[in-house]
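Right, one structure below, let's go through it.
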Amino acid sequence: MEWTAMEINPEMMSKLGVGESWHFVDVLGLEGEQLSAVPRPCCALMLLFPLTQQHESFRQQQADKVAENSEVYFLKQTVVNSCGTIALLHAVANNKSKLTFDTDSALKKFLDETANMSANDRAKHLEKNQPEADKVNFHFIAFVNVNGQLYEFDGRMNGPVNHGDLSHFSSVFLLNHVQDAAKVCRGFMEREQGEVRFSAVAFCHS
């Protein structure tokens, strides 16, 4: 099963029934001055990057770093091209208490229905949606602060990766927390020598 790849735009969250004060913004760079332009508070960072052999080798090395945490919402990716949707769900589900939803929000309905499911059962529930397929070779992942820990969510793995304590504890990402996530993102870029096809968006409150 394959889906059409997701395109993130400013109207997307309102269409999914998330309160209008939360939206995605482009992250123009992963260094200090560029990160300072990200609106605050910011509760998640999503990275888009090409899938390469170097990345696959790196993921194999990370297999034993998968975290077990019942407080973290994790969803397996079982549908090709659904990584953008999976990353978005990870960003929203792990910040659900900070957001407001419309009464008919399809996103909230899905999260409520899958709240007590396993990662694999959540994937099966998502498979009920069957958009048309499209061929891409890029992948979305999300970084979220859950109780002061920086988690990396990749639906192609068996669980989230815990990157440890954030610089300063807060209930939401602030600038320093985006910097922590950006540091991990820069590692992705450094592993792909000569590759420039990276981009990132942040999930922010305005």
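Positions of Cβ are set from backbone N, Cα and C atoms, glycine also.
TrEMBL labels come from automatic prediction, so no person has curated them.
TrEMBL annotations:
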ACT_SITE  CYS83  active site, nucleophile
ACT_SITE  HIS139  active site, proton donor
DOMAIN    2-205  domain 'UCH catalytic'
SITE      GLN77  site 'Transition state stabilizer'
SITE      ASP154  site 'Important for enzyme activity'
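All protein chains considered, the CB of the residue listed as 'active site, nucleophile' has 25 other CB atoms within 10 Å.
The average pLDDT computed over the domain 'UCH catalytic' (2-205) stands at 85.
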